Amino acid sequence: MVSPLKTRSGTASATDATQHNTEAMSNTVTDLRPKPTLKAPAIDPTRPGRSADELADAPAKINVADVDFYYGAKQALFGIDLVVPERCVTAFIGPSGCGKSTLLRCMNRMNDMIDESSVKGSITLDGQDIYGPRVDVVELRKRVGMVFQKSNPFPKSIFDNIAYGPRVAGERNKARLYEITERCLRHSALWEEVKDRLDDSALALSGGQQQRLCIARALATEPQVLLMDEPASALDPASTSRIEDLIFELKDQYTIVIVTHNMQQAARVSDQTAFFFEGKLIEAGTTTDVFTNPTKKQTEDYITGRFG
Amino acid sequence: MSRNADIHSLEIKRSYLGSSLFGWLCAAATYICIAVLVGLLVTVLVNGVPWLSWTLLTSFPSRDPAKAGVLPALAGSLWLIGITALVSIPTGVGAAVYLEEYANSSWWRKLVQLNISNLAGVPSIVYGILGLGLFVRAMSLERSVIAGALTLTLVVLPIVILSTQEALRAVPSTIRQASYALGATRWQTVWLQVLPAALPGVMTGVILAIARALGEAAPLVAVGAVAFVAFVPQSLGDEFSALPLQIFNWAERPQEEFHGLASAAIVVLLAVLILLNTGAVLVRAKYGRRIKW
Ligand SMILES: Nc1ncnc2c1ncn2[C@@H]1O[C@H](COP(=O)(O)OP(=O)(O)OP(=O)(O)O)[C@@H](O)[C@H]1O
Ligand SMILES: [Mg+2]
């Protein structure tokens, strides 16, 4: 009695989403693509991701091999194997609590700060083990920047927030710092809103503005890899699409890993998608494959909205 | 149905009565405290204000009440709190930063923490005796300003450490994470983010500690400070007096006039305290402006 109902509503919403998508596309895109057959999030043809061949050819920027992670006695990640190719966007998707943020934090060793946590397995950046005994964590974090799930601006002025990264890296020249601030704020679509009040407290910004500020702050250190934990969760459609444009611009220079709960977003911006469930990596592959031709039932159920 | 409704209305009324009664009791407690405080202040002011004069501030103690003043005691107190602040703030804040930001949680850290918490509750006369043995005798500093200030440092150090720790703990850990994630070292994170964010709280603790040092008499008596000092301390090695000692000395004399002088000296002591607090409020206002969580 219950399960057929559930399935039906699930299918219905998936179809809705498909229709919505098709409409949205026929409005913006002139050429008529073959209608998406099965999956809710369609792949936008105007922004082609890297092809499967390109992905395979790209050198591995980060290589995660057989990683287990424990919060005390509680295991949060189980034998994760994943390659993050250089200059590509990798999306992590999966239901809440499945370990996406945990894996992301392993990649710049932010988990070191959690008492009694432990990592097994190896994660390499450009072939170097980041958990090796002689690794300089400060240097690692300069190369692997992070935007947190909850925005966390410093209780300082907007300018001081952005300039902090370059400053701790040794930049003293005020003019240069202003230049960086302007560039990063423009990149994160915040410049127009705050250009007249760079000296105001960052805590006086709205939630979405704070999120964009945190993105700008992470860009200011010019990392090689950018880890973004739901960078658009508090943004309106306009800022979201600006951030997605930014990710597109950045991926020519940077390697980007993005966690998102928004399937459309994952489909729009990423080249590679990894689906997690209960601490395990269920499936990873080119975004086109994962969304149009998932190999696992769980993946298919999740991206079509049947659970999670 | 109607019975149910009755019970409900009864319940709401009872808890309302209880809570308003509690409110009244709390208000009564507040007003009793204020009344006592106002009573004290008024008595002190009524007795002391007639004796407040320029002579009081610029003269030495004397047998003649009309010529007696608090100059050496006031100068001694300022010396004492100045040096106590200079020694206890860096040491106390440093210790707190170490315990909160650097030390790993271990049985050793817990032991140190427990000891500091206990030390904050030790009566000040005990520190006085310690100061007598350690600074006056063992280090042969004699009855000097420095011996008195170091003894007061012992008294206030646990207060400075505990209140600074409290302030550091109140800084959200997301601030530290954001700083580390941008490639800051631990030193940069503490110095550029955590301490500035904790500054208002640290200031509150420091002012409490200094006020405590200003009001202490017992440890100073133990290290041998005297009320009758005929000169203003010029250096760390000089003998000294302090305002609380002067007040005590005048208050225990039989003549009425000296009781008035004691009240006037209390007014001076309160004035110094209020000045210190104003300073703290200004610093908080300047640095705390941007910090609202
Ligand atoms: N600091 C921590 N201490 C203990 N357990 C934690 C901690 N952080 C996360 N966990 C647990 O680890 C698991 C994975 O958490 P994680 O934050 O990685 O999930 P997530 O996939 O990012 O979820 P969401 O999409 O809701 O952000 C969860 O079960 C969570 O309860
Ligand atoms: Mg998360």
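Using the three backbone atoms N, Cα and C, a Cβ is placed for every residue, glycine included.
Source: prediction; values computed, not measured.
Residues or ranges marked as transmembrane segment in TrEMBL: B:21-49 (among others).
If you look at the transmembrane segment (B:70-99), the same-chain residues 6 or more away from its ends with a CB under 8 A from one of its CBs are 56-61, 109, 112-113, 116, 145-146, 148-150, 152-153, 156-157, 159-162, 164-165, 168, 190, 195, 202, 206, 209-210, 213-214, 220, 225, 227, 229-233, 236, 240-246, 264-265, 268-269, 272. Summarising the annotation, TrEMBL assigns transmembrane segment to B:70-99 (among others).
The feature domain 'ABC transmembrane type-1' is assigned by TrEMBL to B:74-279.
If you look up TrEMBL, you'll see B:119-138 (among others) marked as transmembrane segment.
Look at TrEMBL and you will find B:145-164 (among others) tagged as transmembrane segment. Within the chain carrying the transmembrane segment (B:145-164), a Cβ under 8 angstroms from the stretch's Cβ atoms is held by residues 76, 79-84, 87-89, 91-93, 95-97, 99, 116-117, 119-120, 124, 127-128, 130-132, 135-136, 139, 198, 201-202, 204-206, 208-210, 212-213, 216, 219-220, 222-223, 225, 233, 235-240, 242, all 6 or more beyond its ends.
Under the heading transmembrane segment, TrEMBL lists B:190-210 (among others).
Counting residues 6+ beyond its ends, the transmembrane segment (B:258-283) has Cβ neighbours under 8 Å at 43-45, 47-52, 56-57, 65, 68, 70, 73-74, 77-78, 199, 203-204, 206-207, 210-211, 214-215, 243-244, 246-247, 250-251 in the same chain. What TrEMBL lists as transmembrane segment is B:258-283 (among others).
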